[in-house]
Every structure is written in structure tokens, then in C-alpha cells.
């Protein structure tokens, strides 16, 4: 029976829902057919127009009423981090354990694509793209600053000057927690898009919970509008950070004096043109090539600091960083405003701010991770996303943060006036060839700028075109231009806090996404549990176990019958004494038969793996067994061996 016929029968019997039947049909749909439908997807003017109008309205408010805009942003941010901070703290840790559960569960072998489909990108390019999109500019900005700040000022409940605590808190903000959040969003979208042929939209990931009608109706459009809104401002804020840091680097290498807004605008315009060229070439060319370049440049800078800097100190920092992170993991995860007198303000400024910031990035980074992960398994997707970026982050902070702390301890502080945009370049200038490496660092910031803008505009282009996998270059470019324009406007108008206001608005707008991600956890489990391949394998396993039990029980009945016949013969020949002995034998054989029958399921699941010709999923892996008739023969042979052993 074909899969389509089996699905139709299940639908008629009522064992599956219409949505599940539709997903099963999509699973068997040829890839080229799905691609052809995708290419015909047009612009969703409701989503695109509404999102663009909201973005422009916020920008206009910031321009016309900068003071009221700043007051609103500050008060709203305080409300989010103070009144809802507990939810961010609790949910972020739940996300970590949830993705680990899914990775090591029975769903781990499921492909994010058709059965047998190979990954679209090489592992190196895959890792490079996910890292550049998810953390690039942030690591350049905070890699030196954050560990040094925690070392100088301390963390709640701990004294100043504690190296281990400084690194533990830093890794807590940049390690497993943000990447587990991205993994949930990415997994939900990648599974629905590449496994079931759904649209590449955040709203489509909720189909298992709310059905096709609501996901494609007003509720789904609202989700997609909020996703675009958060992505625009989140990306614009990151571009602003990158442009400011590049301008600081130019000042430190004596290219400019007192850089102002004109230089920042020039940087954004030049890099914007480069990003538009990259976006027009598509993910498979532009982003992939530049992401690979990012990895090479980042490696060069890290090796430079490792070799010419305090090498032994840095190498000692790696186990120190990892050890303190793991040791203090649960203490940091349970840290609240009640933990110490100064914990509330510190959490608002750092931990809760970070959790809200990562949530604001989750629609963009999660969807981009989904876009580049076609052909990977669920387990591979989750474990690589969790472990590889976290490992690189540990090395990065150990090298740059460790060097910054070492310089602080030896009286060569790079703190200066406390300007975070200058600290990386101050560090590089403490060593030979620092000016040349600073130029490489500025180039790396520029390429991170390009990949962030490129990947974000690609995602927004896809959401604007009803989840189209390969968005029209024109739509992608338009979103990119708007994002760069917002960064320019918000950085060059208003007061010195304009970038902070932009970041605050991003976090406020995206905060409801923490509820969306919580709901996505349930959607992911339900979707994977209804996977057509998984259900087929589950049914095959049940069939084999049922046949195994039936033949086992039949053989056990034969054992009892033979024992009874043996008893009768003994009574005829030896009389009552023999009968008593035979009765004991019957009791022993019957007891063995009952025990064998009760253990039939385990017996089958443990002993059928050596056979071939039929795939069965045993709860952890796919094993091969034979058809029902051969299963019976196999069990009969084992029963005979057991009977001989007992006799």
C-alpha cells in the first residue's frame, strides 16, 4: 500500500486530522513541485504594508517628538524588565533544557527535509553563517568590554576583582541560553518548511496548535507583522553599534579626528551598498562567501592576541571560563531581584536586558538558521547550534576578555573613559603591529555588518512574500535600504541617547515574543509527534511486537500441552509418585511460560535487531527486521533453545 493510500485510509478512519493528512501529502510531494509553487508566491501587502507603516510611524515619532519618544522608551523598558523580568529568567532556562530533550529524544533522527536529502551547505559554511548572523557584531563589541566590566564592578552578591565570576556571568549571557532560543524558532520553521512543505513563515510554525485557517488568517498575519517589526529595529540597532565602533577604530589608528555623524553616515552608506550587492546575489553566494571570510578574519585577530598577548594566561582562562560557567550555571539561572541588595538594578541592566534582546532577535536569527539548515537532522541541528557557537564564544571571551583583565591587573588598563566602542582597539594597540590588526578588526566589523544586514533583509523579504524561500532581490533590497535608513536617522538626529532609545524600542516591541516562543515549544513537540515517517515506523514496530507476542504465546501454550501430556504418561507408568514429580514439572514449565509471555515485548525489541529487510524504529534508532512469518520462525527457534536449556 502506498503512503498516500495509507494516509487516506487513516483520514477516513478518523485516526488523523485533515491538517495531518495534508502534511503527510506534502511530505511525499516532489521537491521541484514545491519549489515551483514557492517561486509563484507574491507580496503579502497586508503584512508588508502594515509592518512598513508601523516602522515609519515609530521613526517619525522619534524625529518629531524625540523627548516624549525617549521618555516612553525608558518607562516601557522599565516595565518590561521589572514587572516581567522573572518570566524572561525562568523561560530562558526552560528553553535550554527543552531543546536538549528534543535533541536526545526519539525525534532526533528526523530530517529537516525529505528523507535522504543532503545538506544544502557545507558544515563549515553552515557554522560560519549561523555565527555571523547570530553574534557577529555583538562579540566584537562586548568581547573585551563585558568581562572587564564585571571584573571591575563585580556581579550581585560577589566581590569586585573575581575573574571566575566575571567570565561565568559573561558566558551565561552569550552561551547556551540565546542559542537555545534561536534553536526553538529555527527548528519550528525548518521542520514545517523543508519537511512538510509549509510556507517559510513564523506563523506557519503554529499550524499544529491553531490550524491552517488561523495561521493563514488574521492571527498569523499579526505574528508575521510583529516579526518584521522586531527584525527591522533589532538589525538597525546592531548596524548602529557596528558603525560607531568602526568610527572609533578610525580615530584610534589616526585616520580621523573627532569623528562625527557625517563619518557614521558615510560608513553606513558604503557598507549598505556592499550589503545590497551581497543580498542581490542570494544566500548561496553572497552571505556564504562573506561569512566564510568573517571566520578567517576572526581567526587571524584571535590568533594574533593569543600569540603576542599573555598566551599562558589566556590558555588558563579557557578551563577557568568553562568551569565557572558550568559550576555557577544554576545559581545564575535562579538569580532574581531578591538575590542581593543590588541584584535588581544589575539584572535589569544586564541579564534581563540580554534575554529581551535575544528574544527580539529570535524571529530574524531563527528564520535565517532554518533557511540554511535544510537537510540536517533534528539532533544535528540542535547540537551544532548549541555547542559550536558556545564553544567559539568561550574561546573568544577567554582571549579578548582574559587579555583585557590581565592588562587591568598589570596596570595597563584599556578602560580609558569607559567608551565600549574603543576598548577592543585600545587592547590591540598594546601590542606590536596593533595598528595593522586594528584595520583587520575594522574590516571584520564591516563584514559582520554586511552579513547581519544581508541575512535580516533576506528573512524580511521572505516574510513579505508569503514565506518564499528565495525572496525577490528587489523586495530584499528595499527592506535593506529601509533598515539602513532607520539606522542613519536614529543615529544622526536627536540626542546622544538615540541609539539607546532605538534598542529600548526594539526590546519593548519584541517582548511579547517570549510568549510566542513558549507556545512554539508545544507546537514543535506536536508537529514532530505527528511526523508521517515517525508514525509509520511506530506502526511497523507495533505490528512486529504484536506478531512476536502472538507466536510467543502460542509456543507457550504448546509448552503447557506437552507438559500435561508428559504428566499423563508419568501417571500411567509410575503411579502417584511420578504424578507428584510431574506436577512439579508442569508448575515450573507453566511459570516459565507466563514469565516468557510477560516479557515478550522486551524479548522482541532486544532480539530482532540482527535480522534484515524491514525498517522498524525501536524508540532510539532504526533497526532492520524481517516480515511477520520470519519473525515467527525466529521466535520458535529461540523458544526451542530456551526449552532445551531448561530441560
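Cβ coordinates come from backbone N, Cα and C, glycine included.
TrEMBL labels come from automatic prediction, so no person has curated them.
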Which range of 5-24, 25-44, 45-64 is transmembrane segment, per TrEMBL: 45-64
Per TrEMBL, the range holding transmembrane segment, considering 333-351, 352-370, 409-427: 352-370
Range annotated as transmembrane segment in TrEMBL, from 65-83, 160-178, 179-197: 179-197
Considering the transmembrane segment (84-104), which listed stretch of 45-64, 295-318, 352-370 counts the most C-beta pairs under 8 Å: 352-370
Feature contact check the transmembrane segment (382-405) with the transmembrane segment (218-243), CB under 8 Å, 3 or more pairs: no
Intrachain residues whose Cβ lies under 8 Å of the transmembrane segment (382-405), provided they are six or more past its termini: 99-100, 102-103, 123, 126-127, 130-131, 134-135, 139, 143-148, 151, 163, 166-167, 170-171, 174-176, 179-180, 182-183, 186-187, 298, 302, 305-306, 309-310, 313-314, 317-318, 320-322, 325, 369, 376, 414, 423-424, 427
The transmembrane segment (179-197) versus listed stretches 45-64, 124-143, 431-450, 505-528: most Cβ pairs under 8 Å: 505-528
Maximum Cβ pairs under 8 Å to the transmembrane segment (470-493) - stretch from the list 263-283, 295-318, 352-370: 263-283
Among 45-64, 124-143, 295-318, 352-370, 431-450, stretch most in contact with the transmembrane segment (505-528) (C-beta, under 8 angstroms): 352-370
Contacting positions for the transmembrane segment (263-283) when only residues 6+ beyond its ends and CB under 8 Å are counted: 129, 239, 243-244, 246-247, 250, 256, 290, 371-372, 446, 449-451, 453-455, 457-458, 470, 473, 476-477, 480-481, 484, 487-488, 491-492
Annotated stretches the transmembrane segment (352-370) and the transmembrane segment (124-143) touching (3 or more Cβ pairs under 8 Å): yes
For the transmembrane segment (45-64), sequence-distant contacts whose Cβ falls under 8 Å of one of its Cβ atoms, 6 or more beyond its ends: 221, 224-225, 228-229, 232-233, 463-464, 482, 486, 489-490, 493-494, 498, 501-502, 505
